[in-house]
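Colleague: Pasting the relevant annotations from TrEMBL:
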COMPBIAS  133-147  compositional bias 'Basic and acidic residues'
COMPBIAS  196-208  compositional bias 'Pro residues'
DOMAIN    262-466  domain 'Pentraxin (PTX)'
REGION    129-149  region 'Disordered'
REGION    189-212  region 'Disordered'
REGION    226-256  region 'Disordered'
SIGNAL    1-25  signal peptide
Amino acid sequence: MGSPDRKTLSFFLIFVPVYLHRGLSQEAGPAVQRKPFFQRLRRLEDQFQSFQEVMLTHLQAIASNYNVSYNIDARFQSLAQGSQAMALAVNQSQAAMQSDLGHLKTWMRKMHRRSRKVDSRLLALGATLSERSQQRARERKEQEAQRETLSSLALDMRALQDTLARLMHVVQSQGAKLDTLEERLQVAGPGTTAPAWPPAQPEPPSPSAPKLQGTRQVLRALLEPRDSPQDFADNLQGTREHPGSGSQRSWPPEKPGEICNVGPALVFPNASTKNVVFLSPGFPLGLRALSVCTWVRTASGYLGTLLSYATEENDNKLVLHGRDSLAPGSIHFVIGDPAFRELPLQPLLDSRWHHVCVIWTSILGRYWLHVDRRLVATGSRFREGYEIPPGGSLVLGQEQDTMGGEFDSSEAFVGSVAGLAIWDRVLVPREVSHLAIGKEFPPGAILTLANATLVGGFVQRVNCTCLELCP
């Protein structure tokens with residue numbers, strides 16, 4: 001656009017001097033032609049001035065167009081640079097947005113998984129709550145039925161006590177008459193005047209005398225005050241099974257020689273950390289109820305650790321342990337550390353065989369301790385609703401500080417253990433009593449001493465037919 005203007009300007013710059021030179025050369029001609037020449041020259045000057053004005057205007061327009069074109073180029077360059085910067089910023093923003101979208105997708109996936117876990121937990125919790133509510137409803141019904149049964153039993157017990165009191169009075173009166181008759185027979189001798197009635201001939205002791213004595217003992221047992229109708233029923237059942245023995249609480253423990261078929265026995269001779277017995281496979285499933293029964297004979301001034309169950313999560317999931325720093329004859333019953341109950345086992349310190357049963361259920365957290373068939377401790381609200389997890393390490397004779405190790409000699413058991421068994425249910429008192437006298441082994445045991453896979457240290461495993469033969 002600028003090159004034709006330059007050519008036009010050059011043409012005019014060349015043409016004007018040539019034209020002026022011609023005009024001056026013609027001045028030297030005749031005078032007649034001078035006047036038209038000046039007129040032409042004036043017209044030419046006027047034309048030249050107008051041409052200059054036009055040229056000036058045209059040049060100004062060219063200059064302004066040049067500046068505008070120059071500014072447009074600069075603007076186009078700045079716009080190009082701005083577009084490049086904007087494209088770079090857009091690319092960076094797009095990359096950042098893609099990264100944020102990736103993080104957002106990852107977060108959404110995690111939140112989705114967490115929401116599914118929360119939903120599953122809520123469903124499990126809802127099922128557990130529903131099960132607990134149904135279980136509590138059943139327990140309430142059972143408790144109401146038990147209350148009604150106990151109230152009926154209490155009424156029957158009172159009536160029976162009245163009847164037995166009258167019968168006891170009759171028996172005592174008959175016994176007094178028999179005693180008077182015996183005295184008279186002893187006083188009467190040879191040559192004594194016979195009484196008005198026919199004298200009684202001397203007879204050997206009547207076979208009914210032991211029965212009468214046993215009847216008196218039964219009557220005394222039944223007429224004694226009891227703690228509850230359940231105790232009365234238990235004692236009545238005991239007198240039926242063992243006539244003439246008195247109440248269940250006054251029963252002496254069976255002699256060791258009469259307890260047989262208890263299975264193998266383990267002897268822990270000293271408090272070495274190497275004296276340990278592992279039971280396998282442990283607990284294959286979670287436990288909501290537990291019964292641990294065994295014959296125990298201690299050889300030290302404290303009980304030590306009878307049983308220890310540890311997992312990777314907690315080394316005291318289930319423990320029956322004592323140590324030399326505890327009160328003699330006491331043992332800690334631990335379920336899911338740090339919850340525990342202290343059980344009194346002072347009778348076990350006489351170096352004789354004793355039968356021990358520790359029973360627990362997650363329903364209301366109830367627990368019971370039986371020693372030689374007697375209930376010596378009970379309670380509730382102990383680990384209510386808890387479940388002992390599976391997959392741990394079960395050890396006898398030592399307390400685990402880590403799963404399967406880190407034993408302490410001050411917590412070791414010293415003595416003998418026989419007939420140990422574990423059930424995943426609550427044994428009833430009749431089963432505990434039969435187990436303690438060797439009459440019947442309750443079914444469904446999940447672990448016994450036959451599951452002892454590793455016997456370490458100086459522990460001896462012996463097979464004895466009866467307890468009196470066990471070391």
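A Cβ is built for glycine as well, from the same backbone N, Cα and C atoms used for every other residue.
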Colleague: From the DSSP assignment alone, can you count helix, strand and coil residues within the compositional bias 'Basic and acidic residues' (133-147)?
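Modeller: Helix (H, G, I), strand (E, B), coil: 15 helix, 0 strand, 0 coil.
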Colleague: Taking residues 6+ outside the region 'Disordered' (129-149), which of them lie with a CB under 8 Å of any CB in it?
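Modeller: Contacts of the region 'Disordered' (129-149) (Cβ under 8 Å, skipping residues fewer than 6 from its ends): 363-364, 385.
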Colleague: Would you report the average pLDDT that the model assigns to the domain 'Pentraxin (PTX)' (262-466)?
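Modeller: That stretch averages a pLDDT of 90.
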